[in-house]
Amino acid sequence: MQVLENKLSVRRCLTFVTGLVECLCIAGAIFGWASLVIVLKADGYFSSLCFNTTGDNDTQILDCSAQDEQFSLIFTIASSLNNCLTLPNGFLFDHLGTTVARLYAIFLYTTGTLMVGFSSPALSYLLFPAFSFIAVGGTLFLISNMQVGNLFGSHRSTIINLYNGAFDSSSALFLIIKLLHESGVSLRAAFLFLSACSVIHILRTFFLLPRNFIPYPLPHRYGYGISCGALEAVKSEVTANEDSLHSSAVPFKQERTFRECLLSRFFIFHLLWLSVMQFRHYLFIGTLNPTLQRLTEGDSSLVSQYSNAFAFTQLCAVLCAPWNGLIMDRHRAKPRAPGETEHEADLRASVLSLFLTALQCVLFSVCASTPYLPLQYLTFVLQVVNRSFLYGGIAAFISVAFPSLHFGKLYGLAMSLAASFSLLQYPCFALINGALGGDPLYVNIGLTLLNLLAFIHPLSVYLHCRKLASQREKKETTIFSS
């Protein structure tokens, strides 16, 4: 029996480690777009859109604003689909299970990498569907991996936050491709190698993950994946009730319907909080390359240096991710007031997290709006910290504010609606490259003011908690006086 327990423990550790590597290496690669743009430009993608024009002092300069606009559009479409399809992907995962969802993700990701691998400057428009497939497939990898936290009980939230951080850090993949490209490795070779790695994802799907779902709470001696001998016997014992355990998680409240949650003040303000900050991040990433070109006055070595610095800071997302959860857990662990429920304590604990995330975004936006090149190092640091807090906070607040019965639907819907708002990136790109002559200063100022709306959410939750506390005090006073 001890041998069996050891096998289960080793398998769970392998599942955790390989899942972390999977999220860290590929899942959120699309967000390293700024590094890959340099490679695509060097290889001549959309170069036909560049033309000679007359600059100051009658000098001839090469105008590539139309080329930059195409690269920005590719990122806009891919990043928006990345979130817009979170809701249908969530339903796919819920209804068809881990194996089917992951095979679909592998198909999308492999198709995308193959399309990039076999593309060329003459087939530049293949990049539009290719990176959309890569983005959507990567999100499905994250969704299927977050359930691994269920294997580790009290560390469940930490692992989920760690996986989200690894998802952010995976944007460094395109930096590695950029560095390899500078060393002589072609774009085709790099992406064909990524396609070949899909064999590893397939093996992990069948051997280290369940066919359906990992239940929570976890049954005793729970086994999963293709195995043999005693472990297979354990797996067969729990397979029959795996679906029921997944679907019968007891929510902390049963009285609110999905419609009531959807129309609640908390969800609407949470959606606003997410939308304005995510929009700021997406626009920053999508315009980073032309912004650096403007600030460096076209110095390609400086552009490369700052692009590398940005990509390296993204690696730190996996280290920043647990901080938000630790802040919430610390406040949640404080002694509750007399009569205060666990749900109210969770809401109270979320206020500081929501406020700090909004404050970080405003500071990041101010730095990004300042046309001073050395300051961008600080911008990169604030961006990665805020991004880690943002995506960790989305799921954390939904899990404490609403019945767990509706978690998947509300999470997917929030991400999808926020992505629809992010489609405004392209009009902003067009405004910057057109009327503003490539200078994003006024757009950045407007976005900084827009980010101030994010403070409405923590203020609303704080006032709600204070109202509940006041009601408890009045009730206790009434009981005591009577």
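Here the Cβ of each residue, glycine as well, is placed from N, Cα and C on the backbone.
Predicted, not measured: the structure shown is a model, and the values here were computed from it.
Feature annotations, courtesy of TrEMBL:
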TRANSMEM  12-39  transmembrane segment
TRANSMEM  71-93  transmembrane segment
TRANSMEM  100-119  transmembrane segment
TRANSMEM  125-146  transmembrane segment
TRANSMEM  158-177  transmembrane segment
TRANSMEM  189-209  transmembrane segment
TRANSMEM  262-285  transmembrane segment
TRANSMEM  305-328  transmembrane segment
TRANSMEM  349-372  transmembrane segment
TRANSMEM  384-403  transmembrane segment
TRANSMEM  410-435  transmembrane segment
TRANSMEM  441-465  transmembrane segment
For the transmembrane segment (71-93) and the transmembrane segment (189-209), check the count of CB pairs under 8 Å (sequence separation 6 or more) and say whether it reaches 3 or more.
no
Taking the transmembrane segment (158-177) as the reference, which of 100-119, 125-146, 410-435 gives the largest number of Cβ pairs under 8 angstroms?
125-146
Count the CB pairs under 8 A between the transmembrane segment (189-209) and each of 100-119, 125-146, 384-403, 410-435, then give me the winner.
100-119
Determine which residues of the chain contact the transmembrane segment (125-146) at the Cβ level, with the cut-off under 8 Å and only residues 6 or more beyond its ends counted.
19, 22-23, 26-30, 40, 45, 73-75, 77-79, 81-83, 85-86, 89-90, 92-93, 98, 101-102, 104-113, 115-116, 118-119, 160, 163-164, 167, 170, 201, 209
